[in-house]
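Visitor: Got a structure for you, written out below as structure tokens; questions coming shortly.
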């Protein structure tokens with residue numbers, strides 16, 4: 001019904017109304033009526049069934065294009081878009097409705113911690129009303145209920161916002177652009193704007209945006225595994241199989257397609273509408289935190305049970321006294337009601353212990369940290385597709401990066417041109433001295449052997465295609481006077497072999513209409529093309545053989561250009577006799593036309609980013625398809641190899657050499673490799689597998705379809721948002737939106753920041769839990785009562801810790817994070833440094849507060865209620881001051897950078913204000929008494945000692961061996 005409202009309004013006339021029906025005569029505009037003869041169902045079934053007979057009845061692709069009012073050369077007009085969308089639908093699919101807030105509330109109720117707290121709240125409510133009456137007895141149980149519902153609300157709101165954020169991110173990740181011909185020129189359009197009748201251009205790595213039919217192209221192979229599950233690539237041609245299914249990927253070749261079905265009328269649309277984006281994926285860190293929470297909960301239950309048993313034994317053996325000093329239990333003489341009240345009080349104390357032990361704020365801290373970090377990383381040009389990527393990246397020990405577009409600008413420009421052994425210094429002026437026949441061969445080899453296009457818009461010339469193709473086409477038009485339109489009129493393409501990463505060359509056979517001669521042209525990596533040549537052209541047009549000496553000179557030219565960070569592309573040609581099988585392109589005895597050097601400058605900031613990663617203990621390995629000289633030049637320029645020094649043996653190798661190693665040799669040498677040139681996608685995958693076997697946490701950057709296996713295999717895959725193909729993006733965990741390696745270094749720093757912030761909060765949280773648990777346990781067992789009530793402990797554990805989580809989660813990445821070694825795979829979540837800090841603070845708090853518990857009334861000359869309020873207030877302020885200590889796990893100056901984190905200062909201010917309200921104004925609810933100025937001063941002064949204690953404790957060295965390993969050794973020794 002909602003979609004109907006979006007349809008155009010047509011004029012209504014001739015209304016006929018009767019008691020049984022109403023007839024409306026709707027005048028449909030002629031622009032829509034022109035498609036009335038076409039049934040969308042037939043178009044959908046045509047591709048779905050891959051029925052050549054139906055296609056034949058429609059007079060093939062050409063006949064169908066005429067029916068769809070599409071010009072196969074010039075495409076459709078932008079002005080027709082709305083009409084076609086109305087007639088055939090939009091290229092979108094019906095997504096399941098997003099989860100509402102209620103869903104997350106229900107999910108929060110399923111948390112075991114919440115269920116335990118609800119049970120405690122119910123018991124506390126019952127015991128409180130039994131002991132103190134309904135008027136005041138509900139405070140403790142009711143406050144636990146309020147606190148639990150607050151946890152649920154905050155958790156649900158956080159998850160709901162995260163769901164909406166993911167929805168926004170998915171819309172950005174689906175914001176794919178494809179090439180289509182509109183108004184006679186090639187242009188980029190959004191995949192959602194594709195309409196029936198569009199002519200779409202397909203290249204390697206593209207996702208097919210809709211169902212369609214093959215118009216023309218060369219060597220087109222399609223991967224339909226996403227739809228059919230079959231891994232074999234499908235050969236597409238205009239005779240046997242012209243059918244292209246949306247959602248498939250172009251594995252090889254180049255082609256054009258006519259769109260016949262879009263959106264929900266495609267098989268992909270129907271499948272996607274039934275798929276939800278729901279993922280209950282739990283990150284490794286979350287799994288470890290849940291395990292930690294579970295362990296703490298078990299300890300709390302065990303301690304609570306012990307307290308319950310000890311207190312019941314003390315009560316029933318007559319070892320407890322009431323507030324007047326009289327023995328509480330006197331056997332049969334004790335009133336039953338008094339026994340029930342005492343047992344109720346004992347059970348309430350045990351419930352309080354459980355409330356103390358469970359770290360309610362811990363799951364919330366993780367959610368807040370990850371959500372905040374994801375939002376900030378988006379601003380830093382990194383779109384996180386998987387939550388686990390936030391923390392996994394912080395553990396990375398090796399980054400395998402490609403070169404083009406990541407370390408370099410990917411803004412290609414031809415800067416050198418060698419025609420045979422002649423260097424053409426100024427291309428534009430010296431091109432007139434080149435023989436016209438040679439120039440004509442260049443025009444053929446460049447203008448026809450390409451996947452790019454040249455379009456003269458009248459106001460200027462537009463180039464499209466890959467950066468390399470655009471650079472060569474621009475150079476040929478500007479400096480060699482190439483006329484693309486004239487070239488297409490004069491020559492006919494017979495066969496094309498498209499470029500791929502294994503062959504590293506592309507070939508084409510053409511016939512000149514003028515004299516019916518057939519020419520084969522090759523273009524590709526210079527050293528590969530040179531190996532196929534036996535002759536070369538001089539600029540005068542003279543053909544000379546390549547002897548050993550001249551081959552050496554040409555090889556030196558290529559090496560010299562490569563050493564100057566130039567990508568070397570060579571062109572070769574051969575005229576073949578008429579009648580030769582032109583579908584098998586000749587690869588021997590070719591004539592070298594020339595070599596161009598294309599400059600792709602290093603990105604500004606790439607060297608600094610690599611240095612930052614190195615100082616963080618993360619090794620950088622560059623894997624590229626370029627030759628070894630270009631690879632070494634770029635690696636030196638970027639700082640991967642040290643400039644001015646001889647490269648050590650094994651630091652720079654070629655993919656073939658790495659591939660031919662034995663398994664043992666690869667494992668032995670892989671750590672030493674810094675640059676791998678002339679590598680295939682299989683070599684990149686092989687390196688990732690070797691590094692993982694050696695225990696490394698591997699991150700991989702990639703932008704091409706051929707990088708997908710390595711991106712999936714790596715612990716964390718980073719794809720490029722601009723140059724990256726859709727296949728690469730789908731295989732990755734994080735999309736680098738600006739294609740810059742500097743952003744990879746930023747992601748590494750953010751990953752470490754996430755891990756570090758969560759560690760800070762764990763230290764802060766566990767200090768609270770250990771101190772509160774010991775204080776209440778000792779007080780309950782010795783005195784039969786607890787100084788900190790359930791309401792007070794919930795306030796500390798939940799409200800303060802929630803604010804504390806937010807304060808510590810919003811700490812921004814610092815440069816110091818990049819000076820530490822990587823966490824790796826097996827490092828403990830709670831380090832020895834954290835144990836040292838939390839145990840020192842907890843011991844100080846326990847010592848002070850137990851002293852107050854047993855001697856507080858005489859020290860302060862106050863009654864029991866005021867003494868307990870002083871204990872509570874001191875305990876809270878200890879946490880406030882300790883929150884500053886938690887900002888830095890190892891550094892003694894905990895105030896560094898504090899002025900930049902206004903949120904932290906704001907949260908501390910709010911916490912102190914709320915504590916004043918709790919003590920001074922919520923007497924009944926919080927079970928507190930008002931304190932005078934002197935008592936407030938004592939509480940704050942004692943809590944402030946946390947700062948000097950924290951400073952001195954950080955001078956104590958800690959062993960490298962994890963603290964828990966010693967406990968395991970002791971346990972094994974005991975058993």
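Every residue, even glycine, has its Cβ placed from backbone N, Cα and C.
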Visitor: With TrEMBL as the source, which of 766-784, 823-841, 842-860 is set down as transmembrane segment?
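Guide: Comparing 766-784, 823-841, 842-860 with TrEMBL, transmembrane segment matches 766-784.
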Visitor: From the ranges 933-953, 954-974, pick the one that TrEMBL records as transmembrane segment.
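Guide: Here TrEMBL associates transmembrane segment with the stretch 933-953.
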Visitor: Tell me which of 884-902, 903-921 corresponds to the transmembrane segment entry in TrEMBL.
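Guide: Transmembrane segment, as annotated by TrEMBL, spans 903-921.
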Visitor: Would you mind telling me which of 81-100, 101-120, 121-140, 141-160 TrEMBL tags as transmembrane segment?
Guide: 141-160
Visitor: I'm checking region-level scores; what's the whole-number mean pLDDT for the domain 'Cation-transporting P-type ATPase N-terminal' (57-129)?
Guide: 80
Visitor: Please give the sequence-distant neighbours of the transmembrane segment (766-784): residues at least 6 beyond its ends with Cβ less than 8 Å from one of its Cβ atoms.
Guide: 296, 299-300, 303, 306-307, 310-311, 314-315, 320, 346, 349, 352-353, 356-357, 359, 793, 796-797, 800-801, 830, 837-839, 841-842, 845-846, 849-850, 853-854, 871, 875, 878-879, 882
Visitor: Taking helix as H, G and I and strand as E and B in DSSP, count the residues of the domain 'Cation-transporting P-type ATPase N-terminal' (57-129) in helix, strand and coil.
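Guide: Tallied per class, the domain 'Cation-transporting P-type ATPase N-terminal' (57-129) gives 47 helix, 3 strand, 23 coil.
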